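A.B. asks: The following block contains the structure, expressed as structure tokens.
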Amino acid sequence: MKKIAVLTSGGDAPGMNAAVRAIVRKGIYEGFEVYGINYGFAGLVSGDIRKLGIHDVSDIVGRGGTFLYSARYPEFAKEEGQLKGIEQLKKYGIDSLVVIGGDGSYKGAVALAKHGFPTVGIPGTIDNDIAGTDFTIGFDTAINTVLEALDRIRDTATSHVRTFIVEVMGRNAGDIALWAGVGSGAEQIIIPEHRFDIDKIVSEIEAGRNRGKKHTIIVLAEGVMSGEKFGKLLQEKDPNYQTRISVLGHMQRGGAPTARDRVLASLMGAKAIDLLKKDIGGVCVGIQHGEITYGNIIETLENNKHTPALNLYQLNKEISY
Ligand code: F6P
């Protein structure tokens, strides 16, 4: 009988539970034995491993966070930790592993694949910054959360005729800022992938004010700089600006996953089982042009880079000014 394990690693993302549920349920459906590893790679190395049954994943499809817990564990970059992890898996007779997580977690999965241990990566992060997929699990929920916050902030911005700088997460990627910015009609979106010109921004805000615009929302991706620093840049240009800074922080990461994230997670989890059933390891799952896909995880990470939908940046310039 095939024995597989699953772990969630790095920053939690809404929909991770739905992915684990799909792996456990479909795995058992296919006749596998499925194990859960607590606290990501940290739990792998320490051997925090338990067998999961179909009831262990009851009622989690709609819950945010990860019931397997997560951890950032940079120590897994060292070969010693990787070999210890493989040793733990072998102790339980586990022959393959599914890793759900973001950039750092994929690096751990690649290391295991390079050691010849069959591993499948599933992209789970709110940042949407993983190569080999158009969307990651958790991104849709996060942008909807940000969107709601932006709609609320707009009310206050209008009432007080203020400029708001809203700093959003995304690590080095601008996807959250782009999608939530376009969806909320933000006047300015500042992302790491596109250079910004502070003088141009100031003159665009002025032009809007002169046309009678009451509010200005600037959505700033954290990968560019902090909201505070950006606020100082604006104030240097015009000390009279009524500027307020809002840092959305970790509220962007929690909460019940959207239908889209739940379904994406279920499809990706099931795909991982299909691949392992065919003894295909060393791969990562994705969604590309609406199709669930997979590719060699080492090649995908080495030869591809995630790029945000920069057409959204241009679109925003054309429709929100
Ligand atoms: O990767 C998800 C993410 O929320 C990033 O957007 C953010 O930069 C980072 O994690 C924050 O990490 P932590 O929760 O460890 O502070």
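Here the Cβ of each residue, glycine as well, is placed from N, Cα and C on the backbone.
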A.B. asks: Name the residue, out of ARG152, ARG154, ARG244, that TrEMBL lists for the same ADP site as ARG21, ALA22, ILE23, VAL24, ARG25, GLY185, ALA186, GLU187, ARG211, LYS213, LYS214, HIS215, please.
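C.D. replies: When TrEMBL describes the ADP site, the candidate it includes is ARG154.
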A.B. asks: Can you find which of GLU193, GLU222, GLU228 TrEMBL lists as binding substrate at the same site as THR125, ILE126, ASP127, ARG162, MET169, GLY170, ARG171, ARG244, HIS250, MET251, GLN252, ARG253?
C.D. replies: GLU222
A.B. asks: If TrEMBL says ARG72, TYR73, GLY102, ASP103, GLY104, SER105 bind ATP, which of GLY11, GLY174, GLY181 does it name for the same site?
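C.D. replies: TrEMBL names GLY11 for this ATP site.
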A.B. asks: Show me the subset of THR125, GLY185, ARG244 whose Cα is within 10 Å of GLY11 (ATP binding site); these are the binding-site residues I mean.
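C.D. replies: If one measures from the Cα of GLY11 (ATP binding site), the binding-site residues that come within 10 Å are THR125.
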A.B. asks: Measure from the Cβ of ARG21 (ADP binding site) and count the other Cβ atoms within 10 Å, all protein chains considered.
C.D. replies: 24
A.B. asks: Out of the recorded positions I have (GLY11, ARG25, THR125, ASP127, GLY185, ARG253), which ones have their Cβ sitting under 6 Å from ligand 1?
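C.D. replies: Among GLY11, ARG25, THR125, ASP127, GLY185, ARG253, near ligand 1: GLY11, THR125, ASP127, ARG253.
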A.B. asks: An 8 Å radius from the center of the GLY11, ARG72, TYR73, GLY102, ASP103, GLY104, SER105 Cβ atoms defines the neighbourhood of the ATP site; name the other residues of that chain inside it, in order.
C.D. replies: SER9, GLY10, GLY40, GLY101, GLY108, THR125
A.B. asks: Of all the recorded positions given, namely ARG72, ASP127, GLY185, HIS215, which is spatially nearest to ARG253 (substrate binding site) at the Cα level?
C.D. replies: ASP127
A.B. asks: Please state how far apart, in Å and to a whole number, the two most distant Cα atoms are among ARG21, ALA22, ILE23, VAL24, ARG25, ARG154, GLY185, ALA186, GLU187, ARG211, LYS213, LYS214, HIS215, the recorded ADP-binding residues.
C.D. replies: 57
A.B. asks: Let me know the model's mean pLDDT on the domain 'Phosphofructokinase' (3-276).
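C.D. replies: Here the predicted model's pLDDT, averaged over the domain 'Phosphofructokinase' (3-276), is 97.
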